[in-house]
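Heads up: the structure comes next, in structure tokens.
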Amino acid sequence: FCLLRGFAAEEDLIESLANMSTNERIKAIQKMPETMRKKRDIRNKVLKEITKKSRHPGARPSHCAQCLQGAAVSFRRFGNTFSEYFHQLRLWHKTLKIIGAEFGTSVLSYFVFLTWLLNFNIFSFLINFSFITVPQFLAAEPNNLSFTGLELFTGAGYFQQTVLYYGFYTNATISKIENGPSYNMQLAYIFTVGIYFVICFLILVFSMAKLFSRNFVNPQAFSVNASKLLCTWDFNITNEKAVKLKQRNLRTQIKEDLTDVNKEVLNFSVMERVLRIATHLLAWIASLGTAAAACTGVYYLSINNLRLFMKGYRNDLESQTAMLVLPVIVSLLNTLIPFFFSWLGHLEKFQTPGQHIYVTITRNIILKMSIVGILCYYWLNIVAASESQCWETLVGQDIYRLVLVDFIFCLLGSFFGEFLRRIIGTTVCMSLGLPEFDIGRNVLDLIYAQTLTWIGILFSPLLPAIQMIAFFIVFFVKKVSLRRNCQPPCKVWRTAQMTTSFIFLLFCPSFLGVLSVTGVTVWRLKPSEECGPFRGLSSMYAAVAEWIQTLESHTASKWVAWIYQNLITSELFFFILSSFVLIVTYLYWQIIQGRKTMTKLLRKQINN
């Protein structure tokens, strides 16, 4: 009776599998808790059942059903082909695999972060170009200035009368057809920038949440380590190069996992602990003092730079050279001081490479964000109050030069910091050996560059396009420099949380600081009287207030004015919204605490 019952259950299983689609059937068979031989037997029986049904005269589908089935197959093949070609267009996909296999996940995290920023700037460029730059082309006047080539380095001259800068954009309503639809450039400018920052905020928050759930809550930490040896090989790989790459990648992952398992706990004597604390304290005093001295120098240099600029120059070459003094000094400080921080980290002799990298990143973020803060104070409090005819364009030119010179110094850093270091370590001083890739310094270079781009979007809408090209070049330069000049880390370690930490640093303090700067510019500062889309207004935000007043006179648009007055400008609404968010956050926190308790109980059951 049991045999008959088992045979009937198997027939029902085969019947149900035969009625499934191909993908569902494959997944269902894979999930079965059976041996491979049993799964193959089930698969063969299902295929026989499908063949038997197709030969049955009554099972043959109608002509319409055959057409629909053929169209579905063709569409699926087209989708697979399209996705395959799109996958090949990602030039860095294979490169990331090779870097991960040869240098481990610590170095790979830098390149993953770089490609993430590259995609981010592509998105930024598309938004600004579509809604701000393209409409301006319709109302643009011819540029009468001559192009000499120096503008590529200074951003002044010919570029001053182009769509690159805020001052070139009109404050008129663009309309090419009489009595036709119009385009309000003031509203387009402020709403595009505002909505862009909202989208950036959401992308950063969701990216952090996704990476946190994937990396910090690591399910592999509670799984059997032998699964990496027994269950990770892909038997579909047949190409010899792909097999070797997969072997190197798997070998590196096993080394990283073994490093986590075999952590050494060092016991120091009291004297050694005191000596280590004194070394760390002196290193922090030296790093903070260096950052303070650099910020002081940048402040006085920027004040002197504005005075020289307002006085004018005897010839154009002198003015072009003077414009580059501030960005060159700032980039020089941002390039040389991180090398000093890395040297301090080596003197401190941290127990793990992760501690060394995170401390170096913290010191670099203090340096770079302090310099950016000094520059923002200079732009918003000194340049904005100067006698310049268009202070927004002046700020945009400053940021353009900073972005460009920082990019050049980034390339020079790869040459002098890695290439010459390899030459010295392999020919002059053999004991030095090949250099390791400095993750902390390179990551902070990316965050600094992206911060400048965010600040400059309001004053130079096409700045993301320049940063996009710069990141694209940096990716391939760093790839070549890494593979030719650097060696894999001496201590292999797993860095599941590093990419999450990078995006967190990009969010705070970088992005939140940029929001503060943008908020002060939009709500507090008075725009220039003779240039830009907000000329003649008390503030940039005044354009929105005037638009709301216009809507109140139209009956069909009064609901927009009601939402603005009762929701957007209402403190009560934001108080209720904040309370709701706090309640939801508290509920989720309680759910997480309950899940942690359940996880502990399940682990105890597994151990028992």
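Note: Cβ is positioned from N, Cα and C throughout, glycine not excepted.
Taken verbatim from TrEMBL:
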DOMAIN    390-496  domain 'TMC'
TRANSMEM  107-132  transmembrane segment
TRANSMEM  187-206  transmembrane segment
TRANSMEM  281-302  transmembrane segment
TRANSMEM  322-344  transmembrane segment
TRANSMEM  365-384  transmembrane segment
TRANSMEM  399-416  transmembrane segment
TRANSMEM  452-477  transmembrane segment
TRANSMEM  498-523  transmembrane segment
TRANSMEM  572-589  transmembrane segment
Residues sitting near the transmembrane segment (322-344): Cβ under 8 Å, six or more positions beyond its termini, same chain?
153-154, 156, 283, 286-287, 290-291, 294, 297-298, 301-302, 305, 308-309, 313, 360, 363-364, 367-368, 371, 375, 397-398, 401-402, 404-406, 408-410, 412-413, 417, 438, 440-441, 444-445, 448
Looking only at the domain 'TMC' (390-496), what are its DSSP counts of helix, strand and coil residues?
79 helix, 2 strand, 26 coil
Is it the case that the transmembrane segment (187-206) and the transmembrane segment (365-384) have 3 or more CB pairs under 8 Å, with pairs at least 6 apart in sequence?
no
Proximity verdict for the transmembrane segment (498-523) and the transmembrane segment (572-589), three or more C-beta pairs under 8 Å:
no
Six or more residues beyond either end and a Cβ under 8 Å away: which residues meet both conditions relative to the transmembrane segment (365-384)?
287-288, 290-292, 294-295, 298-299, 302-303, 306, 330, 333-334, 337-338, 341, 391, 394-395, 398, 402, 444, 447-448, 451-452, 455, 505, 509-510, 513, 517, 520-521, 525-526
Intrachain residues whose Cβ lies under 8 Å of the transmembrane segment (107-132), provided they are six or more past its termini:
92, 95-96, 99-100, 169, 188-189, 192, 196, 199-200, 203, 207, 437, 439, 442-443, 446, 450, 453, 457, 461-462, 464-465, 467-468, 471-472, 474-475, 478-479, 482, 488-489, 495, 498-499, 502-503
Take every residue in the domain 'TMC' (390-496), average their pLDDT values, and give the whole-number result.
85
